[in-house]
Amino acid sequence: MLNIVIFGAPGSGKGTQSERIVEKYGINHISTGDVLRAEIKNGTELGKTAKGYIDQGQLIPDELMIDILASVFDSFEDSKGVIFDGFPRTIAQAEALKKMLAERGQDVTVMVDLEVPEDELMTRLIKRGKDSGRADDNEETIKKRLHVYHSQTAPLIDWYKNEKKYQHINGLGTMDGIFADICEAVDKL
Ligand code: AP5
């Protein structure tokens with residue numbers, strides 16, 4: 001089983017690199033942001049709840065996210081592994097993921113941290129907001145998302161270092177170059 005946590009601030013390239021990793025390693029992909037956006041699009045109760053948080057750049061409560069994650073995970077059959085994109089985002093989520101995998105005789109193989117300077121994150125997300133119209137890609141909400149990342153999500157770096165699962169990757173450069181660096185790290189495992 002290859003269970004990868006792809007990690008980084010908003011705009012660091014988690015979704016971009018996940019697509020490539022899925023294609024190369026044939027593993028499943030869980031993007032919690034995509035799951036929530038699909039719920040919003042479909043106008044579900046969950047979507048209505050999620051929209052309130054996402055539009056404010058805030059995290060959805062842990063209990064809700066952990067349930068969503070477990071139900072998507074359990075929908076995969078004959079999986080070679082999973083790339084977790086956007087989850088975990090808090091220590092409580094990391095602990096829940098560890099427990100969920102342990103109950104299935106698994107663990108996180110590696111946590112890949114894409115590090116990108118803040119001015120580049122802002123540039124990428126403002127550009128994407130103009131191109132795609134994603135509601136949370138405006139300057140005010142991006143600033144809130146970055147604040148939430150630093151206060152609630154970045155502590156996971158030390159958490160995964162402690163687990164001996166941490167892999168730093170420079171997320172600045174070409175998409176192909178970054179992908180090659182990730183593959184080199186994963187292939188060594
Ligand atoms: P989510 O969708 O996970 O958003 P995010 O973490 O803010 O990440 P992004 O999708 O903005 O960026 P990314 O790192 O995937 O980068 P991408 O590849 O798209 O979550 C959205 C919201 O949902 C959260 O704010 C929260 O409210 C909620 N949520 C989700 N998960 C949750 C959880 N677990 N708990 C609680 N709440 C949760 O790239 C960004 C842009 O940069 C793209 O345009 C791309 O083309 C470009 N780009 C990528 N790589 C490069 C490169 N190397 N050079 C130049 N441009 C690049």
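Keep in mind that glycine also has a Cβ here, set from the backbone N, Cα and C atoms.
If you look up TrEMBL, you'll see Gly11, Ser12, Gly13, Lys14, Gly15, Thr16, Arg128, Gly173 marked as ATP binding site. For 31-60, the entry in TrEMBL reads region 'NMP'. Summarising the annotation, TrEMBL assigns AMP binding site to Thr32, Arg37, Gln58, Leu59, Ile60, Gly86, Phe87, Pro88, Arg89, Gln93, Arg134, Arg145.
TrEMBL feature annotations superimposed on the structure.
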residue : record           : contacts (Cβ under 8 Å, 6+ apart)
Gly11   : ATP binding site : Val116, Glu120, Leu121, Met122, Arg124, Leu125, Arg128, Ile142
Lys14   : ATP binding site : Ile6, Phe7, Gly8, Ser31, Asp85, Gly86, Leu114
Gly15   : ATP binding site : Ser31, Gly33, Asp34, Asp85
Thr16   : ATP binding site : Met175
Thr32   : AMP binding site : Met65, Ile68, Leu69, Asp85, Gly86, Phe87, Arg89
Gln58   : AMP binding site : Lys144, Val148
Arg134  : AMP binding site : Arg128
Gly173  : ATP binding site : none
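Packing around Gly13 (ATP binding site) is summarised by its Cβ count: 22 other Cβ atoms lie within 10 angstroms of its Cβ, all protein chains included. If you take the Cα of Ile60 (AMP binding site) and the Cα of Ser12 (ATP binding site), they are about 20 angstrom apart, rounded to a whole number. Checking the binding-site residues Ser12, Thr16, Arg134 against ligand 1 with a 6 Å cutoff on the Cβ atom leaves Ser12, Thr16, in sequence order. A coil conformation is recorded for Ile60 (AMP binding site) in the three-state DSSP classification, outside any helix or strand. Considering other CB atoms within 10 Å as the measure, the emptiest surroundings among the binding-site residues Arg89, Arg128 are those of Arg128. In three-state terms derived from DSSP, Arg134 (AMP binding site) belongs to neither a helical nor a strand segment and is classed as coil. According to its DSSP assignment, Arg128 (ATP binding site) is helical. In sequence order, Leu114, Glu115, Val116, Leu121, Gly171 make up the list of same-chain residues 6 or more apart from Ser12 (ATP binding site) whose Cβ falls under 8 Å from its Cβ. This prediction places the mean pLDDT of the region 'NMP' (31-60) at 97.
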